[in-house]
Amino acid sequence: MYSPAQKRGKKLPPPQKIKVICRVRPFLAEELYDDTVMVEGNCVKITNKRKTNENFVYSFHSCYGMDAGQPEIFENDVKPLLEPVLNGKNATIFAYGVTGSGKTYTIQGTETRPGIIPRTVQTLFEIKGLSKYSLDLRLSYIEIYKEVINDLLVPRDTAPSGGLTIRQGFDNQIYLPNLTEKKINTYEEFKKIFRGACRNRSTAATKLNIMSSRSHADMCIYISCTNNETKNTIFSKLHLIDLAGSEDNRRTENGKERIAESGAINKSLFALNQVVEALNQGLSRIPYRDSKLTRLLQDSLGGENISMMIINISPGQSFYADTYNTLNFATRTKEIENKPQSNHCASSTRQPLKVKLVNENNDLPEARRQRFNLSSSTSTISSTASYELRPPLLSKTEMEKIIETKLDEKLSEIEDKIKTQSSQILSPIFRKQNAKLKKRIESLEYKIELQKESRLANVLTPETKTKTARALVALAKAHELKNELGEALSNYESAFQYIPDNQKLGNKIIMIRDAIPTSSEEINNLNAGSKISAKDHHSRYLANIANDERRKIAEAMILSIVNSGDVKQILKLKGVGKKRADVIHQFIKENGHISEIYNLRYSGMSDKIIDGIINSYTQL
Ligand SMILES: Nc1ncnc2c1ncn2[C@@H]1O[C@H](COP(=O)(O)OP(=O)(O)OP(=O)(O)O)[C@@H](O)[C@H]1O
């Protein structure tokens, strides 16, 4: 079954580098268009958030933009790998990206837009039809769910509890005792097996992706290829892997169970990251043993085998942090270019509120809804997806005005609704002068204000965000000069919604928060003092502000400390010792900055430690 070149004793050539290609999925119907992520030739460009007149440019072996169809990727980058596989090389193709970025779409596909797995199997059957070769194809399909390996070719209720174990045999080959391997004779037969296996995969709805894959799924095709003329038989295997999405628990609003899943997912993705790094740096020790996933791929990733990583990217500003981290994971080399400042370019990339995605066959919405749910009818693999963006109808300023007006309308509607509802419920209580509930309303109003800002911040152009933030900072400074620290703080915090990367501002907020007494004793002591309104405001804010907002602010503050790269500051974080602070410092030095708090995992921190740091801030 294995490549003869891998037999024991044979000196292996230096490990092959992993070929990396990138695919940016189109905007989904509910997403707003922006030009944060662009594909140009073999490069992906993203705006540098800190200097908006610059782009970060990442180059890959190939890049596929929003309009690239399934056949294009298969023909250009996957099909060429089949020849060496038929000549005895093992190969691994895996899709990496955050949840909802299109990994499953790329690897598995939908019924009308089949992905790499069905296209590969169909091509192998086409090759089988050629008289020169006689092909014997078998397949296994497993998932790794929370570090447990499940056989997807057997029904869940008959699968061994505790999952399958990994063994290393003679010739250093990796195998799983009791793993089901099914021989496939026709493409139709494959579809039936595949359909059943896909249903067995652990999926659960998260906020970001209604059909989010919660496990790594590995379809392994075992190929025995006999040359009919020479009667030589060559064995090889091809892993086609749909990795689980790395994700931010905060954004996905995950519960306890989902957070445990994410912990396992991120741990194994981190291990994979280390293996890819080690292989691409040509290191002699490759840390395969750090996770089930990498252990399983030990005989197929590296060595003389062929590996290809597909980086899946979700477009748009709202995935910026994920995109930045994914791209940095995929390639350590990024270039910086100045953005062309042409007006024509700027206006041609801005779009009206909702962009309509037009598909040749008008079946994109269905494709989006469906997973690969193969029906008994034959599906053809010839359709080419093509999504066109509508040309802009309005100028940049006009569009921005419309966005702001629409947002204002919507927010006032919500605001009115909340106020009416609150006053209806609370009017009798108000008559009783219930101070506690009055406070609650005030905090609701404060919350609406913050939400308003954060929503606006999401849709404004970088220039407008900077301008708004500047105005708020000026206002905050004026209050600060008058020693109205509570007012100053709330203005600084509002400004922070528009420029969350501004480390100086983050530090300022920490300083002012520290400067304002919060305990009732301290506040009582100051009752007669001139700063009472500020204290009152702040204690009310701390007492009533919703947890998630507190958390958001805490995270922004922690990130500003981490991103300063200053070991002295980092050491002040709870649970961070010298060793960890050095790792973080090094990480920031190499990667620029961390945009999401849970990405601190990449510096070796556990979720528990990260949560501990956040808690220490939310409980200030
Ligand atoms: N290239 C594409 N063209 C059209 N639709 C796409 C494309 N890529 C992804 N989509 C759609 O985007 C949504 C999310 O994609 P998909 O489920 O493949 O993401 P994923 O990365 O596998 O997510 P998860 O890790 O949560 O499983 C799906 O509805 C899918 O149909």
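In case you wondered, yes, glycine gets a Cβ from its N, Cα and C as well.
The annotation ATP binding site is assigned in TrEMBL to Gly97, Val98, Thr99, Gly100, Ser101, Gly102, Lys103, Thr104. Here TrEMBL flags 17-336 as domain 'Kinesin motor'. Under the heading repeat 'TPR', TrEMBL lists 469-502.
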Within the set Val98, Gly100, Lys103, which binding-site residues show a CB-to-ligand 1 distance under 6 A?
Gly100, Lys103
Taking all protein chains shown into account, the Cβ-based neighbour count within 10 Å for Gly102 (ATP binding site) is 19
Could you give the mean pLDDT over the domain 'Kinesin motor' (17-336), rounded to a whole number?
83
Mind checking which of Gly97, Gly100 has the fewest other CB atoms within 10 A of its CB? They're the binding-site residues.
Gly100
For Thr99 (ATP binding site), just count the other CB atoms lying within 10 A of its CB, please.
23
Please give me the CB contact count at 10 A for Ser101 (ATP binding site), counting all chains in the structure.
27
Gly100 (ATP binding site), DSSP three-state class -> coil
